[in-house]
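A.B. asks: Under the heading transmembrane segment, TrEMBL lists 16-35, 55-74, 86-109, 121-138, 150-169, 181-201, 227-246, 267-292, 390-412, 419-441, 497-518.
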Amino acid sequence: MAGSGGEVARFSVWDYVVFAGIVLLAAGIGLFQAIRGRKETSSAEFLLGGRQMTAVPVAMSLTASFMSGITVIGTPAEAYKFGTPFWLFAFSYAIMSTISAEIFVPLFYRLGITSTYEVRAYNTSIFNILILILLFLLYDCIAVTGLDLWGVLVATGAVCIIYCTLGGLKAVIWTDVFQMVIMLSGFVAVITRGAILQGGLGKIWNDSYNGERLNTFDFDTDPLRRHTFWTIVVGGSLMWVSMYAINQSQVQRYISCRTMTHAKMSLYVNMVGLWVTVSLAMLSGLTMYSIYKNCDPFINNDVGSSDQLLPYLVMDILAEFPGVPGLFVAAAYSGTLSTVSSSINALVAVTVEDFVKPLWPTMTEKQASWLNMGMNTCNDMTLICSAPQAALSIFGMISGPLLGLFLMGMFFRCANSTGGLSGLIIGLILTLWVGIGAQVYPPLPTKTRPLPLSVAGCVSDINITTTAAAWTSPALVTSQPSTERPALADSWYSVSYLYFCPIGTLTTMITGLIISAITGGCKQEKIRPELLISKRDLICFGCSRNDDEVKLFIWPV
């Protein structure tokens with residue numbers, strides 16, 4: 001019986017059929033786009049879809065590429081363990097979308113660039129880190145369902161090779177649209193079946209309220225608290241800005257739009273998509289709590305980690321419906337495919353534009369097109385052999401200093417390369433120091449505040465005292481706090497991981513500007529004004545160079 005613990009069913013034949021069918025359909029979309037655009041072989045067509053994409057499909061691709069495997073598997077577990085403060089990220093998404101659309105889009109769009117790092121002579125492969133995270137989460141999902149790990153990894157590489165190599169960005173975007181629908185369908189299936197079993201959404205909501213899962217707003221200003229209103233709205237907003245405003249895999253999407261109006265609109269539609277996605281993920285977590293409130297699968301040793309909770313729930317409550325568990329696993333898998341393909345395409349764009357073209361200035365469009373396809377294949381094959389790593393907080397540690405570097409170059413004419421590089425290095429050292437320290441000496445439960453769980457309703461009795469402590473560590477840490485903790489462990493190392501990005505951004509900007517001033521400031525006689533944020537960019541909210549253009553921005557014609 002659901003919620004009483006014990007072994008759950010494994011994949012049936014129909015689950016394999018549904019799962020394989022969805023994966024093959026995703027590959028088919030890529031093939032269709034490749035055949036449809038076979039006459040267009042330019043580098044701009046391959047990497048940017050010919051800059052003819054429209055707002056809604058780009059928005060769905062933006063949502064799918066970052067709110068993917070992490071959301072499908074990790075966010076419901078967050079609601080199950082810590083309640084609904086994570087829902088406050090809806091404010092962060094709104095702030096991020098506004099800043100990205102009104103400040104960064106005008107700059108990148110009018111420059112007509114392919115790689116964001118053409119603006120500054122620095123590079124990074126932060127988007128590859130997400131691939132490792134998603135493969136780690138996918139591994140946990142596979143462990144519960146019984147799928148073969150290496151078979152799934154090979155299938156990931158094969159499908160990505162097909163539609164990334166042959167179809168380019170346009171294939172990636174339209175495949176993301178399909179995968180986004182599959183991801184949302186997986187959530188709906190879990191919530192619907194859970195509501196039926198529990199007697200309605202009202203029962204789920206009451207159980208969550210009685211279990212202290214609905215204490216969303218916490219205005220405590222303590223920066224050491226893991227999730228409060230301030231850590232999420234302030235720190236979370238800046239972290240998401242760094243992901244959407246300067247990350248190549250995201251920027252490459254909205255600069256592929258046919259007009260600046262479409263580019264800005266894609267971010268605002270993406271904001272709504274993020275709201276819907278995180279809301280469904282949180283409701284899935286509350287549904288899971290309502291079912292397992294008296295028999296926690298982790299404490300009962302039914303699962304090995306929190307990332308296995310939702311796959312375990314799916315196999316527990318949906319196994320009697322042939323094909324539905326396959327739909328859910330396909331949802332998690334689609335999220336992984338979406339982000340992997342996005343990152344590969346972005347990596348190719350950066351490599352070709354920032355490294356190959358400067359060394360090969362006589363390269364023709366046809367040669368560039370073949371090079372792009374070849375590099376996609378190589379990157380996909382490399383992914384098959386990647387080792388999974390849990391590195392969720394790395395985004396704040398790395399993207400924070402990078403955001404500071406971009407802001408310094410975009411707003412301050414006095415900044416020079418010496419100050420920028422020095423500020424970036426100092427910012428990275430500081431964020432890596434606090435981030436690594438937090439992994440070695442994880443914050444205590446008094447700061448992370450996991451909510452109580454029970455095994456009173458489980459079929460089998462276990463020794464609760466030896467297993468319940470496993471929930472006391474933060475979501476990103478699996479090791480237990482050491483008995484001997486240095487003085488910094490309960491202060492500097494306990495800072496909320498959402499503040500890693502603001503720390504890195506401010507440190508990079510402040511130290512970079514100081515060092516720039518000491519070294520004489522910017523010595524260029526003539527600064528290109530289009531590389532800087534203008535007053536019009538800041539005061540003309542929602543403006544575009546194409547405001548007089550009347551076109552539908554939903555689907556391409």
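Glycine is treated like the rest: Cβ placed from N, Cα and C.
Nobody curates TrEMBL annotations by hand; they come from automatic prediction.
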A.B. asks: Are there residues at least 6 beyond the ends of the transmembrane segment (86-109) whose Cβ is under 8 Å from a Cβ of it, and what are they?
C.D. replies: 75, 78-79, 116, 119, 216-217, 227, 229, 232-233, 236-237, 239-241, 243-246, 251, 254-255, 260, 263-264, 267-268, 270-271, 274-275, 278-279, 282, 410, 530-531, 533, 537-538, 541-542
A.B. asks: Find the member of 181-201, 227-246, 390-412, 419-441, 497-518 that has more C-beta pairs under 8 Å to the transmembrane segment (267-292) than any other listed stretch.
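C.D. replies: Going through each listed stretch, the top one turns out to be 181-201.
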A.B. asks: Sort out for me which stretch, of 181-201, 390-412, 419-441, has the most Cβ pairs below 8 angstroms to the transmembrane segment (227-246).
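C.D. replies: Answer is 390-412, with the largest number of Cβ pairs below 8 Å.
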